[in-house]
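These come from Swiss-Prot:
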REGION    1-24  region 'Disordered'
DOMAIN    13-191  domain 'Guanylate kinase-like'
BINDING   Gly20, Pro21, Ser22, Gly23, Val24, Gly25, Lys26, Ser27  ATP binding site
Amino acid sequence: MPVESGAGNDQPKRLTVLSGPSGVGKSTVVKELRRRRPEVWLSVSVTTRPPRPGETDGVEYYFVDDAEFDRLVAENELLEWAEFAGNRYGTPREPVLKRLAAGQPVLLEIDLNGARQVRANMPDAFLVFLAPPSWEELVRRLTGRGTESPEVIQRRLETARIELAAEKEFDVTLVNTSVHEVCDELLALIAAPSTQ
């Protein structure tokens, strides 16, 4: 499994941030990781997006209105937040801090800008970049979903170019050639003791 070092490997790894371009397999890797190691706590994001059929408040997301989201931002209750497709998403700060204080490993699955905000708010966070094996494979994965219009796919690919260019801002890069192998590597990083 290819692992490449980036900004520095001496950060504590209890708060792990997983990021990478759309279509790289973040959700699939996280689902496998949680299946194997349910004690790794995955933060539940807050969103202004309406629930989709089958979604439960507090499970997939915490669903809030714009006024509540504005309050969370104003009172600095989010580690990071961003707007996507007209909806806002954010990571509640308090549950993350509670889990970390209890010594529980915490995983955040967020985008590049969210990862940057977490690094600014919590410099000890360990940032992991999930990269595709190749640009061609990323294009294949995004177009193969069959769930989005060509315009949306094009926007995602443009964003992916920006995200791939920011790879060196991360502490380590994992190349997603195999979900099981990359999950093994991610679990090893999460379990690695802090060097501080």
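Glycine is treated like the rest: Cβ placed from N, Cα and C.
This view paints the features noted in Swiss-Prot onto the structure.
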| residue | record | contacts (Cβ under 8 Å, 6+ apart) |
| --- | --- | --- |
| Gly20 | ATP binding site | Lys26, Phe129, Leu130, Ala131, Pro132, Glu163, Asn176 |
| Pro21 | ATP binding site | Pro132, Leu138, Arg156, Thr159, Ala160, Glu163, Leu164 |
| Ser22 | ATP binding site | Leu142, Arg156, Thr159, Ala160 |
| Gly23 | ATP binding site | Pro132, Leu138, Arg141, Leu142, Arg145, Arg156, Ala160 |
| Val24 | ATP binding site | Leu130, Ala131, Pro132, Leu138, Arg141, Asn176 |
| Gly25 | ATP binding site | Leu130, Pro132, Arg141, Asn176, Val179, Val182 |
| Ser27 | ATP binding site | Glu109 |
*Could you check what DSSP calls Pro21 (ATP binding site) once collapsed to helix, strand or coil?*
coil
*C-beta crowding around Lys26 (ATP binding site), within 10 angstroms*: 19
*What three-state class does DSSP give Ser27 (ATP binding site)?*
helix
*asked:* If you average per-residue pLDDT over the domain 'Guanylate kinase-like' (13-191), what number do you get?
replied: 93
